[in-house]
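Written out below as structure tokens is the structure these notes cover.
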Amino acid sequence: MAGVGRTMIAPLLVLNLIMYLIVIGFASWNLNHYINGETNHPGVAGNGATFYFLVFAILAGVVGAASKLAGVHHVRSWGAHSLAAGAASALIAWAITALAFGLACKEIHIGGYRGWRLRVLEAFVIILAFTQLLYVAMLHGGLFSGNHAAGAGGYGGDYPADHHHKPAAAARV
């Protein structure tokens, strides 16, 4: 993971952003019909875990899409100063997506009729749980790669306040 660069992270960032937007669309449609009491609608139905799954799926979609904005900023600036925000928000998005993943698995395990939109939403959440984990691993691999912009305050980089981390003899100017 030491050689992970923006050429590898950027396509995964775009893929995850598109998938999170699709999750927002399907989750909001299903949740709207579920709240309206249209559980006999061919696209909704579900079981006891459906409501909880829909709530966490829409939450994962919104937080995931928002974390991709921090990721876009990091890929554009490619500095250590933006890496922390991008990695932290991606980790939070993955945690919420993992919760939605667990509820999707529970909903599939319980069984019963589920409409095609609900099954598509389950599939997207399951796929996103793994692609987001890969994205988080790639970002955290960037913490140790040292291939960020020079002078951006990264680990081991020379920046104006770097004298605090050197022996006293070397800190004198």
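Every residue, even glycine, has its Cβ placed from backbone N, Cα and C.
The transmembrane segment annotation in Swiss-Prot covers 9-29 (among others) and rests on sequence analysis. For the transmembrane segment (9-29), the list of distant contacts is 43, 54, 57-58, 60-62, 64-65, 68, 71-72, 75, 117-118, 120-121, 124-125, 127-128, 131-132, 134-135, 138-139, 142: same-chain residues at least six beyond its ends, Cβ to Cβ under 8 Å.
If you look up Swiss-Prot, you'll see 43-63 (among others) marked as transmembrane segment, on the strength of sequence analysis. Among residues of the same chain six or more beyond the transmembrane segment (43-63), those with a C-beta under 8 A of the stretch's C-beta atoms are 20-21, 23-24, 26-31, 33-34, 89, 92-93, 96-97, 99-100, 103-104, 106-107, 110-118, 121-122, 125, 128.
Sequence-distant neighbours of the transmembrane segment (83-103) (same chain, 6+ residues past either end, Cβ-Cβ under 8 Å): 49, 52-53, 56-57, 59-60, 63-64, 66-67, 70-71, 73-74, 125-126, 128-129, 132-133, 135-136, 139-140, 142-143, 148, 154. Per Swiss-Prot, transmembrane segment is recorded for 83-103 (among others), and the stated evidence type is sequence analysis.
Positions annotated as transmembrane segment by Swiss-Prot: 124-144 (among others).
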